[in-house]
Each structure stands twice: as C-alpha cells, then as structure tokens.
Amino acid sequence: MSGIIATYLIHDDSHNLEKKAEQIALGLTIGSWTHLPHLLQEQLKQHKGNVIHVEELAEHEHTNSYLRKKVKRGIIKIEYPLLNFSPDLPAILTTTFGKLSLDGEVKLIDLTFSDELKKHFPGPKFGIDGIRNLLQVHDRPLLMSIFKGMIGRNIGYLKTQLRDQAIGGVDIVKDDEILFENALTPLTKRIVSGKEVLQSVYETYGHKTLYAVNVTGRTFDLKENAKRAVQAGADILLFNVFAYGLDVLQSLAEDDEIPVPIMAHPAVSGAYSASKLYGISSPLLLGKLLRYAGADFSLFPSPYGSVALEKEEALAISKYLTEDDVFFKKSFSVPSAGIHPGFVPFIIRDFGKDVVINAGGGIHGHPNGAQGGGKAFRTAIDATLQNKPLHEVDDINLHSALQIWGNPSHEVKL
C-alpha cells in the first residue's frame, strides 16, 4: 500500500453494499469507470479508488427508526492511491470524506496511512517520555487541573488559583479553553506571573508544576502569538484544534521556533464525531489524527464523568495515542469531564500509568480548597498504585472528597 485506506460505516437503503462501496470509490476518485473507453481506463487505472473489503452488519432497529427507512449496515474499506492527493491532512480528508460527508448516512471510522505517507507528519514533539522528563515524574499518572471562573478576573486571582493548585501537588495547570486574549489577563502577563508563582512554589515545596496557556487569535496570527508565548516562557500551549483545523496544529508543531509541547482541546470536535451514524469517529479524530499532526496531549471525554464517551470509544482513542509506531512518539491520553478522586482507580485500571488525570470541580470544589483537592487526588493515585482501596486510606483530604463525591471504585482491582 502506498496511499491510504479509509474504513467507513455505511447505511444503504438499496441493500447493495458492494454497489454502494464501488460508487463511493469511484465518486471520490475518477468519477466513472464502466463507460470509459478501454484506453482511458488503462490511463486512469492507477488513480482509481479500490474497494478492498465489504462486511455486512446486523440490522439495527434504532438506526432504521432514526433514518425513517430500512437500511443495510456495513463496514467497507477503500484504498485511495497516493497519486491522487498531496500528503497533507486537508487533501487527505477531502479525498476520503469531502463531499461524502454530506451524505448524512456515512461515518468515517478509520484511516490507515502507508509508511510513505506517515513520513510527512511530525507527530508529538515531546511525547509521553519527553513530558515526563520535563517534570521528572516517571512512575505514576500525571495530575492536571484547570483554572475555573477566570473570565472577568484579574491576574491576582489567577496567581492565587495557580499557587493553590501547585501546592496541592498538581503537575500541570491549564487555562480554561474559553479564556481568550483580554485586558485583565493578557497572554504574556499570564505566563510571566504564572512562572513567578510556580518558581516560588518549587523553591518552597520542591514540587514542579507546568502551566498550559491557551494560545488563541485569528488563524494567521497564531504562530506569532505562539512565539510570543514561548518568548515569555510558556511551558505548554493549549490549543482549540478543531476551531481552527488539524493542519493548523501541524503547522504549529512543525515550527522550530515553537519548541514546547502542545495540548489539544476537543472543543468543537463533537460537531464532527458525536453521531453514531455519520461524521468522523472519535478514535480517529481525537486519537490518531491528533497524534500524527503533533499533539503531545489529547483531551477527550472520559467514560465516567459528566460528558461521557462510551468506554470502548475512549479506550480506542487512547490506543491510537499510545500504540507503538516507529514514526511517532506517544501522546498522553487525558480523559476528562466530571472527574473526582473516586474515579482514580477506574482511570488507572483502564488507561494505565501513562495517563493524565484531569480535574476541575473535583479539585476546586474540595472543602479544603484547591490545595486539599490536589492532595486528595495525589493520595488516591498513590493508594491505587499500591492496590490499596481508597476507603482504607487514612487521609483527611481524600476522606472529605469521597464523602462529597462518593467512592464508586471501592471494588476495583488493578
């Protein structure tokens, strides 16, 4: 294979999956085939999309009800020649799912890149090992928290929040994705003030915390804004990838003047991936493509919290982010939304130690504030790695957290 193989879930009311697959393969490449003169067929053969797999799935009543017609469901795979497109994500996505995405009854499940094609993508600049080296933390999951309620607040409020989270043992603190450039907490001021706070905490407590600052603005201003952030001392860039595009992420990741990790936020991605019947699958969008394009971290809804993905999907995202690939470093999985200390054993059981445990309200909502919330999570992480049930741990911060949010993991075994 020298090109790319696209895997689709299709729904066909004509009940002929093979014909539907061939129509897609032709429609996204040379347009027609059977009516072409033999000589022209020979000339265009190398550009033709080829159906390489058709698999019928069981009938699904919910799907029929939603589509208001009886359809045949199937998985098909089509190989697209590398000759047909330039080796970039806009060309790849347009080739494999451009006008087909308007069908409304087709879901792009996966894209399998040839080795030749993979060479054109940067992958994570730091990856899991590089991030761990920055923090000098190698034996446990990382803990991340989020600034909460920052809109309309000043730098003093940010510094207080940041200090409390760092003292609580949080490894990474990230901006809220809806915190943009503003007069009260402008980008460079956030970074400079944040570094002062984190250096003070490190000198006093010996704990290192990194700050992920949200890089925003118009698309053609992003590189300049990212470089300003780097010059001001940014540790990590948070980026709302799907508000801009995967190719924009790749452009930032490939720039040698932006030598910091990039954290991909999934904002807007639900518009592409939420439906089970059409769009682009979450594992492909939030896993494989983000990793290929250069994300060191990928945030996605956890299977446990307030905006839950199905467990199978969440684990598939993580698999794409962390599976061995000679071309790419591994990206950190960051299952998010509604996470509290009682979920820690689930997260470690399902995602392993190479995961970032990300919490907002589960840290800030603690009775002892963000310091207590961070300490509760760190205690839960340590206890889980020792295979000790959380309810048996004698720690006031963890006990308070379990009292508030519960302990659904009391029977979890690693």
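Each Cβ is built from the backbone N, Cα and C atoms, and glycine gets one as well.
Swiss-Prot has this to say about the protein:
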ACT_SITE  Lys99  active site, proton acceptor
BINDING   Lys148, Lys174, Asp175, Asp176, Glu177, His265, Gly338, Gly360, Gly361  substrate binding site
MOD_RES   Lys174  N6-carboxylysine
BINDING   Lys174, Asp176, Glu177  Mg(2+) binding site
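A C-beta separation below 8 Å, combined with a sequence spacing of at least six in one chain, links Gly361 (substrate binding site) to Lys148, Gly338, His340.
Among the recorded positions Lys174, Asp175, Asp176, Glu177, the residue whose Cα lies closest in space to that of Lys99 (active site, proton acceptor) is Glu177. The Cβ of Asp176 (Mg(2+) binding site) lies under 8 Å from the Cβ of Ile146, Phe147, Lys148, Met150, Ile151, Asn214, each of these being in the same chain and 6 or more residues away along the sequence. A C-beta separation below 8 Å, combined with a sequence spacing of at least six in one chain, links Glu177 (substrate binding site) to Asn214, Leu238, Asn240, His265, Ala267. Its Cβ taken as reference, the residue listed as 'N6-carboxylysine' is surrounded by 26 other Cβ atoms within 10 Å in the chains shown. Same-chain residues that are not part of Lys174, Asp176, Glu177 yet have a Cβ within 8 Å of the Cβ center of the Mg(2+) site turn out to be Ile146, Phe147, Asp175, Ile178, Leu179, Ala212, Asn214, Leu238, His265. Counting only residues at least six positions away in the same chain, the Cβ atoms of Ile146, Phe147, Met150, Arg190, Ala212, Val213, Asn214, Leu238 sit under 8 Å from the Cβ of Asp175 (substrate binding site).
Take the recorded positions Lys99, Lys148: by the count of other Cβ atoms within 10 Å of each Cβ, the lowest one is Lys99. Binding of substrate is attributed in the record to Lys148, Lys174, Asp175, Asp176, Glu177, His265, Gly338, Gly360, Gly361, and the widest Cα separation among these residues amounts to 18 Å.
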